[in-house]
Amino acid sequence: MKLGVVGLPNVGKSTLFNALTQAGAQSANYPFCTIEPNYGIVSVPDARMDYLAQIYHPQKFTPAQIEFVDIAGLVKGASKGEGLGNKFLSHIREVDAIIEVVRCFEDDNITHVDGSIDPLRDVTTINYELIFADMETVQKRLDKALKFQKTGDKKFKVEAEACQLILDELEKGNFARNIELSEEQEEIMHSMFLLTDKPIIYVGNIAEDQVGKNDLPVLQPLLTYAAEHGSEVVTISAKIEEDLAGMDEEEKQLFIEELGIGESGLSKLIKKSYSLLGLISYLTAGEKEVRAWTITKGTKAPQAAGKIHSDFERGFIKAEIVAFDTLKNDCNGDMQLAKEKGLVRQEGKEYVIADGDVVLFRFNV
Ligand SMILES: Nc1ncnc2c1ncn2[C@@H]1O[C@H](COP(=O)(O)OP(=O)(O)OP(=O)(O)O)[C@@H](O)[C@H]1O
Ligand SMILES: [Mg+2]
């Protein structure tokens with residue numbers, strides 16, 4: 001599961017990517033600094049895991065992970081080959097969700113490709129390029145469907161109708177994922193891997209001296225736009241986060257207090273990215289290892305067990321489960337006590353695993 005960092009050139013994408021991954025990608029004050037994508041793996045912060053580690057002092061500590069891809073900047077006309085154009089749109093096609101970086105910081109020394117700070121104009125520019133690229137994809141599919149409709153196969157008629165509907169909505173500026181479709185049409189839509197079918201989080205990249213301030217006027221249009229399109233905004237100063245990422249823990253704490261920023265914007269962004277992908281974690285805890293296992297929402301117990309080992313799925317008998325909050329609040333993290341109190345549930349094959357379930361699988365092969 002990958003998230004792509006997307007936006008205009010020179011808005012702080014690589015700076016944010018470096019803060020997230022500490023991968024040391026090149027970032028500099030000129031447009032199109034990044035050409036080839038940079039990839040990096042990031043651990044998902046989880047206070048529940050930290051708590052379990054304090055209880056178990058495990059030999060191994062394995063948090064959930066997600067991958068970020070730093071993609072080259074897009075400009076107006078990219079879908080028609082402007083800037084570095086179509087090639088970069090294809091890098092976006094590879095990812096499962098989009099982190100769209102929007103420049104909100106004023107700094108006369110940092111070039112803005114469109115000459116001024118205007119977050120709403122910028123998101124509109126980027127999103128229209130995504131929409132235009134999608135329109136091209138759907139048009140191609142529509143042409144094909146219309147051609148094959150002559151064969152009399154009803155499948156192509158349904159396909160052509162769906163494509164026409166999607167095309168009309170895209171033309172109005174709507175994102176594919178927000179179009180109301182029947183189940184059958186939805187399936188056709190997903191099969192085209194449209195860019196605007198991917199969920200988006202907007203990152204308002206603010207200046208150092210804007211950090212910790214509420215109701216920044218520069219953010220308001222972006223907040224409204226995001227809300228109207230069913231997305232969230234995370235505000236971050238990528239520059240500060242990059243500096244923070246390079247510090248040791250003590251230095252970092254001092255700096256965070258000085259800035260008055262509480263939880264780092266970065267951990268907020270990583271957690272939101274994880275749920276944007278539709279992912280949740282179940283936990284296993286013992287002296288050997290405390291570990292978060294990544295599953296998609298709605299996964300049943302045997303398939304979740306299969307993440308650990310295919311034998312666990314094949315020979316699944318039952319899952320012994322206690323919700324993390326119950327374990328912490330009612331049993332001080334003591335699994336034995338949870339058992340004695342009858343708080344550990346026995347769940348079967350149809351049980352849908354919940355986020356934060358602490359699990360022990362019973363299996364037989
Ligand atoms: N919040 C911020 N405040 C001030 N300067 C920033 C901020 N975020 C990034 N910058 C600066 O903006 C410049 C461009 O950053 P970066 O290289 O990360 O952009 P980019 O979006 O990756 O660009 P490209 O599309 O060219 O790859 C750098 O000089 C960086 O230090
Ligand atoms: Mg870059």
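Cβ coordinates come from backbone N, Cα and C, glycine included.
TrEMBL does not curate its annotations; it predicts them automatically.
Per TrEMBL, the feature domain 'OBG-type G' maps to 1-256.
Taking a C-beta cut-off of under 8 Å and a sequence gap of six or more, G12 (ATP binding site) has these contacts in its own chain: S27, V101, R103, F105, N205, A238, K239. The ATP binding site annotation in TrEMBL covers N10, V11, G12, K13, S14, T15.
Residues annotated as domain 'TGS' in TrEMBL: 278-363. Secondary structure of the domain 'TGS' (278-363) per DSSP (helix as H, G, I; strand as E, B; remaining residues coil): 25 helix, 35 strand, 26 coil.
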#### Entry: Fewest-neighbour residue among binding-site residues, criterion Cβ within 10 Å, set N10, S14, T15
N10
## Note on the structure
S14 (ATP binding site), DSSP three-state class -> helix
#### Entry: Residues flanking the ATP site, with Cβ no more than 8 Å from the Cβ centroid of N10, V11, G12, K13, S14, T15 and excluding those residues themselves
G7, P9, L16, S27, G73, V101, R103, N205, A238
### Task
Could you tell me the mean pLDDT over the domain 'TGS' (278-363), as a whole number?
95
### Summary
Among the binding-site residues N10, V11, K13, S14, the ones with a Cβ under 6 Å from any atom of ligand 2 are K13, S14
#### Entry: Protein Cβ atoms within 10 Å of V11 (ATP binding site), excluding its own
27
